[in-house]
């Protein structure tokens, strides 16, 4: 049942309810549906579009970019896809609440999806087409009928054929024609083929003279295959051949050689085919009674061959057309299932024409019909595929403020959709619009708002009892608070809601401020007047005044101009500003291109990473007083912009491939090599070169095996020359002699040897003899034919079998004489004349890619070689004749790693400024590695983040001014007051302490606090010490944070900071009444560990901290220099120590008093007058003006030690009595020293070594916070 709208679940932004089952109840006349539901939270998931087409050009290096425009690139490539985020539950909702098919969900903000983002790129492979390879043309066949089964037309053809050695992609249709035909006369389907001629048999039972040779023939068809002899019944049987058996006194001739190769493949008016055969004179006639030898011309015969005209025809095919629907099978397809209705069987056609070689197209009847290729074939129609897109995303939000966008343009909002699947094969096309943009809706009048401040109200007293949260008497004067009203106004002055000002106006002004409610005895003054006008900018001063009011005019204390100044003067303001650069130049930043669509697929190489960019340097603006002001005062947008260049990476560049070398062997298996060499090394992060060789040069080699046909080049020997007899018998013309012949290496073809080539291409071991020595038979001697070839040895070669060769008598000798032996034998010896054969497999070639491929799947090959037992490569036929097993795979697929460049993400948005104000603020943006480089791809750049300076903004802060002098009314000493102001200061934020006071309005937006302390103290009690009183110095700065460490390791104690202040006594008599030096501690975090070490010599010893600061305390007493030395006699006098030289010395601050023998008697203190001075800023203890030592403190002072100050003058300015006593003591001491020197010179026998102890200067010590100071 359908769901009533009133009970249909509503969608909540964070969850929804899914009805699972409907329970139907009938209650009376009403039907009730109970719908159980359960709660499901919204979830988001990543989705991806389909992978784009595989692109090879994205992997091309800079050197190969020119190949990017080529079609047919194949091999390894890269493909990409887009990743987007969807609301995963939306798919379920769409299924539940819609009867339509499930559709793609619309994309949402990618920030909503968590987890790992799916990869956007991957390697892919485009299969490379296999090129067709064909063999060489075979020999022309006999003249035969076009169709031997139908011999109606008396038209014949000679055919020659070639075969496919490497089948191409797409079938035989991509190969060149395989058959050529020549028209001929007198065709026949079968013919007699001569095998050999029998021996010449003389007539009438004669032993010599004229005779006949019977031919030995067989019946063959047009392909040369032997058939039954009955098939040749209609053909003329070859007749016997006339011959001559020479008598003993006749001239003896050799047999005719084989007919040579025809000189032409066809005949024309200018060229006719010829064949030749020859014979030689083996023995001359006797002169009388015998037949004489023929002349030279009779030893050679020539005949015509290939007399057919040079008219060659063949069929030529065009490419197959597109697959179209076959109307003859439409009925069958219409009855098929709906799922397969879009994939039907069609037909393809192609053009087939008859070609006459060197002429062109001719009528089809000129070509033989039998080998005509097909022009129609069935095919499978590709299935249609519709485009799938997501719905549009929601419109992006518009800014809530009325401000315009960048460069004054209107703010935009956009939406987009993604292509999940591209259309193909005639399916529904994808829409053109994937990205839509529109202006944000703005109100007709964009109002402006401002804050309006009203007058300050009267100062309201805040009683001390309220501030202290305790009961007390009601005060009628003192510190108070005054407030003022603040309202929101439009630009035209009309009142507006405060919310509008909070949204669109600047920060709200302060509503309250501290004030002082004057007491009865306080001085009352009028408000300050306005400053007097200035004559011109940057010249002169201006003044403002105020006056005493009421009874204050008569009070003497109010007339004190220092405490209550009635006028104030300052320099006239100057509006001269000075702009200057500050800081370093930023990184070189490339301009950011606008992304037109959110669905653009980013592929390697599409993103510009080099070229002209800009770098920035911050500008700072100062006024005439060298105070930092806003950069807008200097008419600057805050930057200096300068063009810069990001260098483009240059890949390693190699030469083109060299030509393949010749096969390393002319017979059997060898290798072919080609190479590249380095032309230019990479720089700026380009693709690296392959490995360098020992000469630091790149050499890329490709090696493939090759097999040379051992019968490709053969030795061809011409007939032997006429005998040249050395012992000439002029009557008989016989005896010992020499014959010569020409031997050449020639290229062997199907039609026989053709062209002469270099001799090194033929096997030198098989080269026939060029000369031979023998005996020319005399008349009536036996004449033998040449030796037949040796018979083959039976395998295996054991040496127990023989091989033989024979000859036969061409001319019998006269009666009574015999012919020499006509058979020779020799044993079959291994590797001499008998050989074993075996296959040898070559090494794999390097991985070979298609010419249009860069990387990916290739093919490696290896070859078989037939090797003789002596290691020599021979023709494969020797191994094939033995039918040896071939158990090896000759081809295997291989992979060349693709050079994938490093793929980076887009730059992130610029971060917020690292500082809200000052000179050193920086903004950063970063990118990450999406996919690391692979193979020889371009490596990732080192710069993964960029920075640029922030616009300089002045740093404003509230800061106390210096304390005034302690003012005590009506008396000259005692308890008084001192004051200070709270002012607005500006600085550049660099931390060097330089700041300048500016107008308080510039700090109006800041909370009134000093260093985070909101308790503002502008006055405090102080003490002017009376004559003879003790007083304390001001607290020093806090020392650096220090931990309690042992051997460099922190202990589990809280780190502390320490400060101290010294006690100053104006009268020495009052020292005992003064307190000790005070110190305070406070906890801190991350304290430093320091090491302490005694430094100096026995005359000058101090303790030094590891940061090179001299401190008091910290060094262990047991390691004090001199404590581990032994003196004789021991140093048992007070304030003495044993020096490194083993001499008793006085400690610092004391001088030695010696006996008459030069021995140390005692140590006397040295009077030192120390005037308190300011301590160096680097020390841990600083002194400042005195404050009241009697004020209570909440911190516990630690007792550190006592400091004594000797005052030589009394209050009346006269020297005190003890000074005269000290002077007299010094005089006596000098007399004593002179006496000792005299005695030492008079008695040199007992020299007492004495260390010269100079007057020690007082050592300024730094306090380091140790409790043992």
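Keep in mind that glycine also has a Cβ here, set from the backbone N, Cα and C atoms.
Among the features that TrEMBL reports, domain 'Spondin-like TSP1' is placed at 251-310 (among others). Taken together, the residues of the domain 'Spondin-like TSP1' (251-310) have an average pLDDT of 83.
The annotation domain 'Spondin-like TSP1' is assigned in TrEMBL to 387-446 (among others).
Residues 61-63, 610, 699-710, 712-713, 760-763, 840, 842, 863-867, 872-875, 899, 901, 936-939, 941 of the same chain, all 6+ positions outside the domain 'Spondin-like TSP1' (652-693), place their C-beta atoms under 8 angstroms from a C-beta of that stretch. The annotation domain 'Spondin-like TSP1' is assigned in TrEMBL to 652-693 (among others).
Residues annotated as domain 'Spondin-like TSP1' in TrEMBL: 902-955 (among others).
The DSSP breakdown of the domain 'Thrombospondin type-1' (1129-1168), given as helix, strand and coil counts, is 0 helix, 17 strand, 23 coil. What TrEMBL lists as domain 'Thrombospondin type-1' is 1129-1168.
Per TrEMBL, transmembrane segment is recorded for 1218-1241.
For the domain 'Spondin-like TSP1' (652-693), DSSP puts the residue distribution at 0 helix, 17 strand, 25 coil. Sorting the domain 'Spondin-like TSP1' (902-955) by DSSP state (H, G, I as helix; E, B as strand; all else coil) yields 0 helix, 19 strand, 35 coil.
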